[in-house]
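Below is one structure, written out as structure tokens; comments come after it.
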Amino acid sequence: MPADAPWSPSAMWPLWLLASLLALSQALPFEQRGFWDFTLDDGPFMMNDEEASGADTSGILDPDSVTPTYSAMCPFGCHCHLRVVQCSDLGLKSVPKEISPDTTLLDLQNNDISELRKDDFKGLQHLYALVLVNNKISKIHEKAFSPLRKLQKLYISKNHLVEIPPNLPSSLVELRIHDNRIRKVPKGVFSGLRNMNCIEMGGNPLENSGFEPGAFDGLKLNYLRISEAKLTGIPKDLPETLNELHLDHNKIQAIELEDLLRYSKLYRLGLGHNQIRMIENGSLSFLPTLRELHLDNNKLARVPSGLPDLKLLQVVYLHSNNITKVGVNDFCPVGFGVKRAYYNGISLFNNPVPYWEVQPATFRCVTDRLAIQFGNYKK
């Protein structure tokens, strides 16, 4: 901008957009907010970013390395600044041309794009994040993403895809593909994606039979969400590296003994808003590092067994079930010094529990009485 040119607020928004992305790259997937918040979960945050992400951040964009570009290339109607090209909400029917080769963030959300063609991203070898949320994409050429050798974040949710795009870039770290029409996850579709850390694929009509054996082979995911699908049980062939697994808003009816056998590294498990009536004794013993458990809005008649043995468990959501009794040892182990992390949240409200009958010693391993949510049962 020339020194004598009048200042305009609109000139500053691309810098803000890039700053948002940089901040995002350092955070956990489920903690994204604002511009990048695409129907993520809510609830208390327990783990710090470094502890929970498990991701190698050595390749993440360094803000000190971002230098202004003075390229005259900018698609008509778009805003371009600091390697950010923002073309959202323009009614575009296709990916625009004349995108600068040094672009690192390309925002195409909220348009009418229906197809990604072979050369749509030609020359964009420095692209770090591609946002295609809320378009009408139903067809993607098998080589559409070939030029994107440095792409780490692909957001292609809320489209019309019936399959996971083929030949995703091997550099990809985060894939958000929720709210599409995907019914099948075939074996090999994630082949070669050794850097992938986070997949959000909820809101698709996926059933348990839709996951082919070996569909997730080779992936070392930290975070996986398959919410708002048609699952009737916990999938047994997901990556064993998972720290977070979110399966809320499905049709799961029970947790059987070996359902969680391979997920021993879970910190956070989301099973709220299902139809769970039974959790088999010993099922939770396979989760020694679990810190947060969501079982709210199910059909449980009692507190699941095994909670006192989870030494790191801090948050348990059990509200809106059919629990009628809470025993004195349902949450806390017998004896002192056994539990390594005290509870800071237990929700039991909207259950038919006569809370005046619950013994105070029941919550002897809770940090504060305000951490317990009780009462307010409505028939």
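Numbering starts at 1 and runs along the chain as displayed.
Glycine is no exception: its Cβ is also placed from the backbone N, Cα and C atoms.
These figures come from a predicted structure and were not determined experimentally.
What TrEMBL records for 1-27 is signal peptide.
The domain 'LRRNT' annotation in TrEMBL covers 73-105.
Feature annotation from TrEMBL assigns disulfide bond to CYS74-CYS80 (among others).
Look at TrEMBL and you will find CYS78-CYS87 (among others) tagged as disulfide bond. Around CYS78 (disulfide bond), taking its Cβ as the centre, 19 other Cβ atoms fall within 10 Å, counting all chains.
Its Cβ taken as reference, CYS332 (disulfide bond) is surrounded by 19 other Cβ atoms within 10 Å in the chains shown. Residues annotated as disulfide bond in TrEMBL: CYS332-CYS365 (among others).
Ranking the disulfide-bonded residues CYS74, CYS87, CYS365 by the number of CB atoms within 10 A of their own CB puts CYS87 at the top. Looking only at Cα atoms, CYS80 (disulfide bond) sits nearest to CYS87 among the disulfide-bonded residues CYS87, CYS332, CYS365.
Taking CYS74, CYS332, CYS365 as the disulfide-bonded residues under consideration, the smallest Cα distance to CYS87 (disulfide bond) is found for CYS74.
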